[in-house]
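Annotation source Swiss-Prot lists transmembrane segment at 4-23, 36-58, 78-100, 140-162, 175-197, 217-239, 251-273, 283-305, 312-331, 335-357, 442-464, 484-506 (among others).
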């Protein structure tokens, strides 16, 4: 491989991995230096992701090595391959962008709350990028474990009893999920003789019934492991508490962790169990629909019940996951592009909200958190309070924080004209993408239930955000004006600005999502591209 472009695919993994190793021996007193190196690494990864996304959007002919990187020059299915297509490029760009914002936010003060923050952060980025690029299930397990190992340390970063308790629960649940992952992978390999996803997609239909059943059993166990990560009910009891306990930059980047589970479910469902899977086509579809809808309902109830903003954000993650899982499970091809648009919009919004929460709560009265917990446990209090001052001027800091909070509320609720509304509209219009005469007969009860839950979840988010916003910004008891530095508010503004830009550029964005959906709905084309990719030097 003489052309440097051939190695672009591995750099989003190799660069943060190397930087993580370089940062470990640097003394913790030089945190500014470590932060600068880590931020520069994440910035370069983001630029690389943008380049790869642009190449992927132009088509496979413009991709280095046709989008397939063969480690050691061993072809698939025998060797390890990294595969870039529109979906993996999209996830790379989303991950690196969110990581860049979270790392910039941490530079204000949070990276000093513990040891080796930036090394762990780089390992997390490397694990995420590897999970999105790998073409086989075993290396998916490797990158999954790398990502989880880093997330364990990051969740405990900052110490404190709440973080330790939530972190131990998080570790226990994810260790169990990792064990299930390994069992599922072993069953699939024993039955099919391959772990390359493209190769598995071509072999599944030809397997004898007994072997195909073992593959389905292994995939079901594998699915449980990733549904734990995606936060599907009833496997999501750990998520709101863990995410609420994490430090703001960690919680911000954790917004994309649940999307790893969603990504793998999409890959397995549409590539391995797609239209070419024969008798196994659509395997597990009913479970995704049922679990996704129950997750939306559970998340919506949690959003309404939450008085603390951290828990509200955690339950919003569940609503997002349930919306995507049910959309994939319903099996309407027209919904897939809208689901991908929703994935991007909701991840950016929730990431921005997690970063914003600490800034908003920084100026609250010391008893406000106690009051919030008490109200969540025992209900609201009826107090008649007289306002001492009417028409007081709003300080500039609170005005900016309030505006960002309002944007988060509009995006989470899916109200026009922002990207949250466009995403939900695309989902519903994709569901109704059929002749009017067929709507009455073609629409199932599950379809109508999904539309209802989608609308009600937005209503729940709007009610909860209004309630918390009024208590925070219109409270009768005055709190101190929070001291916010530019490096803290800038990442929030940038992420929300990205959502606004996504709203303004909804047309081009939806065209990219539709092209991505078309690729996903052609599994044999993807498999052929991976398996027939030429070895370097043979072209």
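Residue numbers in this text run from 1 along the chain shown.
Glycine is treated like the rest: Cβ placed from N, Cα and C.
Here the structure is a predicted model, which means the values were calculated and not measured.
Note on the transmembrane segment (217-239): residues 137, 166, 169-170, 173-174, 176-178, 180-181, 183-188, 190-191, 257-262, 264-265, 268, 272-273, 283-284, 287, 291-292, 294-295, 297-299, 314, 317-318, 321-322, 325 of its chain, located 6 or more positions outside it, place their CB under 8 angstroms from a CB of the stretch. Non-local neighbours of the transmembrane segment (175-197) in the same chain are 76-77, 81, 135-138, 141, 144-145, 148, 203-204, 207, 211-212, 214-215, 217-226, 228-229, 267-268, 271-272, 530; each lies 6+ residues outside the stretch with a CB under 8 Å from one of its CB atoms. Remote same-chain residues near the transmembrane segment (442-464) are listed as 289, 293, 296-297, 299-301, 303-304, 306, 312, 316, 319, 322-323, 326-327, 330, 332, 409, 412-415, 420, 424, 427-428, 431-432, 434 (criterion: CB distance under 8 Å, separation of at least six residues from the stretch ends). Remark: the transmembrane segment (140-162) contacts the transmembrane segment (251-273), by the rule of 3 or more CB pairs under 8 A. Counting C-beta pairs under 8 angstroms (sequence separation of 6 or more), the transmembrane segment (78-100) fails to reach the transmembrane segment (312-331), with fewer than 3 such pairs. Scored by C-beta pairs under 8 angstroms, the transmembrane segment (335-357) has its highest count with 484-506, from the stretches 4-23, 36-58, 484-506. Tertiary neighbourhood of the transmembrane segment (36-58): same-chain residues 8-9, 11-12, 15-16, 19, 22-23, 64, 67, 84-86, 88-90, 92-93, 95-97, 99-100, 103-104, 107, 118-119, 121-122, 125, 129, 512, 515, selected by CB-CB distance under 8 Å and a gap of 6+ residues from either end.
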